[in-house]
Amino acid sequence: MAQLVGPLRKELADSLSSCRVLVVGAGGIGCELLKNLVLAGFKNIEVIDLDTIDVSNLNRQFLFQKKHVGKSKAQVAKESVLRFCPSANITAYHDSIMKYELFTARNHVNRMCLAADIPLIESGTAGYLGQVTVIKKGQTECYECQPKPTQKTFPGCTIRNTPSEPIHCIVWAKYLFNQLFGEEDADQEVSPDTADPEAAWNPADAAARATASDQDGDIKRVSTKEWARSTGYDPVKLFNKLFKDDIMYLLTMDKLWKKRKAPLPLDWMEIQQIESSQEEACGTGLKDQHVLGVQGYAQLFRRSVETLRSQLIEKGEGAELVWDKDDPPAMDFVTAAANLRMNVFSMNMKSRFDVKSMAGNIIPAIATTNAVIAGLIVLEALKILNSDFDQCRTIFLNKQPNPRKKLLVPCALDHPNPNCYVCTSKPEVTVKLNVHKTIVQALQDKILKEKFGMVAPDVQIEDGKGTILISSEEGETEANNNKFLSDFGIRNGSRLQVDDFLQDYTLLVNVIHSEELEKDVEFEVVGDAPDKAPAPSAPEEEKNIANGNKDSAQPSTSSKAAEDDDVLIVDSDEEPSSSTMEASPESSNRKRKHCDADTDDAASKRKRLDQQPADDDDEDVIALD
């Protein structure tokens, strides 16, 4: 093979052999990346992944073979790489990058890198699309500088009463699985929603107007799991309740069907009388891509219920099952239940393949995309280690060439967002809530942990007394959990000082009291970060106390001496959710439009005035893929 590029200069080659690299994730990008790293000359690599190898990984994660199925991805990846580069020093961890699975690992790594002042190379793929970007404290946007699109959700009344798209039926089927076999969740109810504001009907007439069977409590409004247990998980009784009795109950809600096509109940006995000629699977090719008829899905429903019932019995009293798209009986159940509901609501039914894609939020993973992105990650790492940070770029991989006939679109890195509540020198947010209805537990779990991504927050009220509202030390403030914020004197204009020791992160929360929040809305974050941050102002002369560093308002120069450099890389090409995938079409449109005008030459002309090259004696890098 012809040598396309010359050897690295000695100083850079030495940096590669001495620096330490942490690869977070050993999946599609991770496998390509580990190979690239050792072949480029990186010697000291640590890789962490909690996942195990599945058969579905083998089409693109080339470090794994069929004999490895069920084994640790990190460990097998290490062993495979050492076969063609035995001189590499690789440490594998079959573990999670974060102890508390409370929010996306990307956010967590972002905050850890800010706290440690280590540059981060973040990347991702979604089908044919890909992205690589560099994050450096004080010089670029951090991962959380711009709001990410949230996971799409649907109103409960739509899922339970008036589904209009296949995804509504698939979500309902997943909820049904949990209600019958898994952990019950009040927010995942599947029975008709009698509180639907659109439904104008008379509950008193419901029993008389619904002609559903009254045997075995078929129409009683009891817990779905409780009722199913009372029938011994009888598939026929379950079928008739879900697709006949409940549907007839829905038909009594007259107003729902004034402008919609009314649902058509299914009866088990009637379906069994359908001639088999009418039930031939539609389509040819792979079995998973066939679309069955109503009778076929009814039989699939029966078989999957019987299998899941047996699994529950084997696990013992009080056991619960966890839905997994790769578990055949669970997938069969969701496929059958979703398609039967689609038929009830006059929708075209879907193949098992299509249902699995939607139920698992799967974006097809393509090996070529992963390979391109992994190569770009290494190129950006080389720039950082060579003290060429001003040459680093955000690079998008497009599905089709842009107007300049380029698939790879490099863009100048964005400045930090001064309104970011993570990387700004003094993070501060304003939250609107009802202090008389919000309890301390909700503040901790739903606002601080879920919304703001904290792990173990400590909260002090700025009331002149230093009242501790929440302590991360177990048992210290548990008595406060079910008390309202107003019980502690928190009112409109109150300020809460929040510290997360595990993330070296501090946040000031301003409270706005409101009694006019929309229905089912517990709180609102006021003044989220703008779509585009304004140009940064001149650095302040005074030293600000910042998350992870007393000089975080200033660009990092890392001039201290150190023997080793550090690098981190994270992999997530599989099943990215809309809330974590920057490379998805929706989430990258904003930056793509900006970058198409700044490709290559144009981007290189936009060098930042405030960027300073770091000393190559102590350059740390973290790469997320």
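Each residue, glycine too, has its Cβ placed from N, Cα and C.
Automated prediction, rather than curation, is the source of TrEMBL annotations.
Residues annotated as domain 'THIF-type NAD/FAD binding fold' in TrEMBL: 8-99 (among others).
Annotation comment: TrEMBL describes 103-420 (among others) as domain 'THIF-type NAD/FAD binding fold'.
Around the Cβ of Cys145 (Zn(2+) binding site), a 10 Å sphere holds 22 further Cβ atoms from the protein chains shown. What TrEMBL records for Cys142, Cys145, Cys420, Cys423 is Zn(2+) binding site.
The feature SUMO cross-link is assigned by TrEMBL to Lys174 (among others). Counted within 10 Å of its Cβ, the other Cβ atoms near Lys174 (SUMO cross-link) come to 24, all protein chains included.
For Lys241 (among others), the entry in TrEMBL reads SUMO cross-link.
Residues or ranges marked as domain 'Ubiquitin/SUMO-activating enzyme ubiquitin-like' in TrEMBL: 431-518.
TrEMBL lists 528-620 with the feature domain 'SUMO-activating enzyme subunit 2 C-terminal'. Computed over the domain 'SUMO-activating enzyme subunit 2 C-terminal' (528-620), the whole-number mean pLDDT of the model equals 37.
The compositional bias 'Low complexity' annotation in TrEMBL covers 577-587.
Annotated SUMO cross-link per TrEMBL: Lys605 (among others), in sequence order.
Counting other C-beta atoms within 10 Å of each candidate's C-beta, the binding-site residues Cys142, Cys420, Cys423 are led by Cys423. For the pair formed by Cys423 (Zn(2+) binding site) and Lys241 (SUMO cross-link), distance between Cα atoms is given as 53 Å, rounded to the nearest Å. Using a 10 Å radius centred on the Cβ of Lys241 (SUMO cross-link) and all shown protein chains, the other Cβ atoms total 25. In this structure the C-alpha atoms belonging to Lys174 (SUMO cross-link) and Cys142 (Zn(2+) binding site) are separated by 35 Å.
The separation of Lys241 (SUMO cross-link) from Cys420 (Zn(2+) binding site), Cα to Cα, is 50 Å. Each residue of the domain 'Ubiquitin/SUMO-activating enzyme ubiquitin-like' (431-518) gets a DSSP state, and the totals for helix, strand and coil are 22 helix, 29 strand, 37 coil. According to DSSP, the domain 'THIF-type NAD/FAD binding fold' (8-99) comprises 40 helix, 17 strand, 35 coil. Each of Leu114, Glu141, Tyr143, Glu144, Pro416, Asn417, Val422, Thr424 belongs to the same chain as Cys142, Cys145, Cys420, Cys423, is absent from that list, and has a C-beta within 8 angstroms of the C-beta centroid marking the Zn(2+) site.
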